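> Dumping the structure here so I can ask a few things about it.
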């Protein structure tokens, strides 16, 4: 009888862990919108951001943000906050490699792209 209870408890625990686990790539729309209350204001050095973008991103997203192998970024700020864009830069996903831009450059490019509405 104890073995059955242990087995049932283990099964329930496994289902609970599976149900609670998740993939952060499916962020809900409220987290992606520019109205995120946790987003901090950052000044943007557009010249520096564009230079970093041209060196690291333009081959997939196009010289003028028009898209190529990767999606267009011309109005990305309408759909994604700076924080969400930074997360995409850092973690990659959907065919985009992670960490092509790092540190302050990544933060500046994310802020610059978030301004594209």
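Just so it is clear, glycine is given a Cβ too, placed from its N, Cα and C backbone atoms.
Note: TrEMBL annotation is automatic and uncurated.
Below are the features I grabbed from TrEMBL:
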{"type": "SIGNAL", "residues": "1-21", "note": "signal peptide"}
{"type": "REGION", "residues": "23-45", "note": "region 'Disordered'"}
{"type": "COMPBIAS", "residues": "23-38", "note": "compositional bias 'Low complexity'"}
{"type": "DOMAIN", "residues": "44-117", "note": "domain 'Cytochrome c'"}
{"type": "BINDING", "residues": "57, 60, 61, 96", "note": "heme c binding site"}
> Compute the centroid of the Cβ atoms of 57, 60, 61, 96, then list the same-chain residues not in that set whose Cβ lies within 8 Å of it, in sequence order, for the heme c site.
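So the extra residues in range turn out to be 56, 58, 59, 69, 70, 73, 100.
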> Heme c site residues 57, 60, 61, 96: biggest Cα-Cα distance, Å?
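Taking every pair of listed residues, the largest Cα separation comes to 10 Å.
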> What are the non-local neighbours of residue 61 (heme c binding site), defined as same-chain residues 6+ apart in sequence with CB under 8 A from its CB?
53, 67, 68, 70, 71, 72, 73
> For a three-state summary based on DSSP, what are the helix, strand and coil counts in the domain 'Cytochrome c' (44-117)?
41 helix, 2 strand, 31 coil
> Note the mean pLDDT of the domain 'Cytochrome c' (44-117), expressed as a whole number.
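Mean model confidence (pLDDT) across the domain 'Cytochrome c' (44-117) is 97.
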> Within 10 Å of the Cβ of residue 96 (heme c binding site), how many other Cβ atoms can you find? Include all protein chains, please.
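Its Cβ has 16 other Cβ atoms within 10 Å.
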> So for residue 60 (heme c binding site), how many other CB atoms are inside 10 Å of its CB?
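Summing over all protein chains shown, residue 60 (heme c binding site) has 16 other Cβ atoms within 10 Å.
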> For residue 57 (heme c binding site), which residues of its chain lie six or more apart in sequence with Cβ-Cβ distance below 8 Å?
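Result: 70, 73, 100, 101, 109.
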